Structures are given as C-alpha cells and as structure tokens.
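As annotated by TrEMBL, compositional bias 'Acidic residues' applies to 1-10. The compositional bias 'Basic and acidic residues' annotation in TrEMBL covers 15-26, 80-93, 131-141. Per TrEMBL, the feature compositional bias 'Polar residues' maps to 65-77. As annotated by TrEMBL, region 'Disordered' applies to 1-152. Under the heading transmembrane segment, TrEMBL lists 161-182, 194-212, 232-250, 271-295.
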Amino acid sequence: MIAPEEEDNEPSWLDTEKDEQHRNEVEPLLFGTGKLSLNDPDENDGGANAFGVPGRSTSDDASETVASSKGSSQPTKTPKKQDYGSIDGERKSFWTLPTDATTPLKQSNKKAGDENPFAGASESSGNHKNNPAEKEADDSHGSNPGSGGPEPPPQNYCVKIFSTITVFALVTNLSMIVSQVLPMFLYPLDDFEPSLLALKIYMCVFAIIFIVVEVDNDSVPFFRDAVFLKTYSTRGFLYTFFGLVCFELAHSEETQKMIEESKRKYATFDVAWFALIDTIAAWELISLGILYFLMGILCLQNIPDRWVREERRIWKKYREEAKRWETENRV
C-alpha cells in the first residue's frame, strides 16, 4: 500500500524561488528599467574607459547605430533611448553641473575678485602678516630724506591717549607717596599713632606696586600673573578705595592735631599744606579709579594690550636700526 504524500506545511514566504520571482516583478517598479550613466560626456575618450555598460560609447549623439534585426549589412540609426535619470539638454549627467568641485579654481577666484575687489588684497595682506620674514621686512623703516637715517614710525593717536592715562596714573601714585611720606619727615615718629604710621607705610607700598603695574613690566612673575591688578575694573576699584583713604587721612583727628600744633609753633605761618597734598592725591586717585572702572566696563582692556605692545615693539626696532645706521655712518 502506497503511503500518501505528506503535505508541505511550510509558509509560502519561505520559498526561495518565489522570492526571486517576486524580486524580479517589484524591482522595475521601484528602480525603473534604465541605468544612471556615470560617464562624463565632456571627456572625449572614445568610450574606452566608460563606466556604465561595457562596450558602450559615451558619444553625445542622440542616436546610436545598431545592426538591423533582419540581418542586413547596412546599419540603421534609431533614436537613442534615454537612460533612467538622464537630463535633457547640454549636460547629460550630474558630473557637469556647476558645483564647487567642478568649477575650476581660477574661475571661482576670478568671480570672487569681481564681486569683492578687495578680497585678493586682504588675503595677500593676511599672508603677509603671517610670514615672519615679511613681517620683519614690514618693521624695517625707510630712509629719512632729511638725515638719511631710518624714518620714524607713524604716530598712533589711540596709543597716545593710553600713554597719557599711564602718565597721569604715575603722577597720581607719586603724589600719594609724597602725601604719606612727607609728614613723617616733618614730625617725629613718636607723634604718630602706630596704626596711622602702619597705614601710611601700606599706602606707600601699594603706590609702588601700582607704579610697577602701570609701567607694564613683566619681569616680575607676581605682577605678570596678578589678574586683580591687571584688569581695569578691579584696578579702578583699588584706586577709588585708596582715594577715600587719602580723604580720611587729610581730615582725620591726628592731622588736625598736627595742624594745631603747627599753628602754635609757627604763629606767623600756617603749616597745613601736607593735608592739602593728601586732598589733591585723593581727588587724583578717585578720578583715575573712575576712569579705569569705566574702561573696564566698556571692555577696552584689549586695546592697550594689543596696540601699545605693538607700538613698543616697532619703536624698539626703529631705535635699533637708527643706532646701527649711526654706527655705520660715523665719521
């Protein structure tokens, strides 16, 4: 007795033959039947190195030559079938679209120069600054037509303004030192209370520190790294504080006692001018502190850090060239 054949209980989607059949039916609907040409029609290589179908020419003709299906020896021209994804017009592929990769470098630079005539000059100036040799040549000054020596560098008015502020700060600190030291030379130290004497010494020490900071001497690591002294806003805060201290010293009870004692000793001469020096130094400190505080709020810290240092470097180079010229032309 023959056993009945077993039924195939496996689902139809596991059949690989049906998968292949389904792929062949769906692929033309999803991707089309043509192929995207990867050849550049601008390259005239005779189709030898064509990327698409092997043996296919990359000519720009809209027709191709094929043999007759009837076996005739005369070739006939039939309209060329457009490939899937091809573009009608002069350009037959995406390779010739005007992009940054296909546009020549000189042509793009020329267009950029037409749109911005100063683009080339700015680039050349940027390269000029980055080159150390050309930067060194920049610092070299021309000859002075009057004396024949190197010509002085041009004046920068912004640098002059900040230099004037620096000079005013130096004079203010010197005034503070004089206002604190002078009474100690005119009266015995026993007449001063210890707290008042210590305060005057502290004022003199801070005045010396401010002078070193204003001169911008980076030889001392403490002053180079002291952000609290370098920043304009905090420096202005310190100046105003010491200005108020000078005001207090000028009108303190100890100072009034010294003035009264001076009146008794010198009946015909009122020795109260050292209190006047304290008052002048106080007004100078408060004015300088407000100025520095405003410059710090307006973010003007980078201007002297950049321009003043560059001006110093240029003038140092000029002095070296002038000294060398005098040495070479000395009779």
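Our numbering is plain: 1 for the first residue shown, then up by one each step along the chain.
Backbone N, Cα and C atoms are what each Cβ position is placed from, and that goes for glycine too.
Not measured: the values here are computed from a predicted model.
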Tell me the residue counts in helix, strand and coil for the compositional bias 'Basic and acidic residues' (15-26), as DSSP assigns them. 11 helix, 0 strand, 1 coil
Who are the chain neighbours of the compositional bias 'Basic and acidic residues' (15-26) in space, where the CB to CB distance is under 8 Å and they lie at least 6 residues beyond its ends? none
Within the same chain, the residues 6 or more beyond the ends of the transmembrane segment (271-295) and with Cβ under 8 Å of it are 165, 168-169, 171-172, 175-176, 178-179, 182-183, 186, 232-233, 235-247, 249-251, 255, 259, 262-263, 301
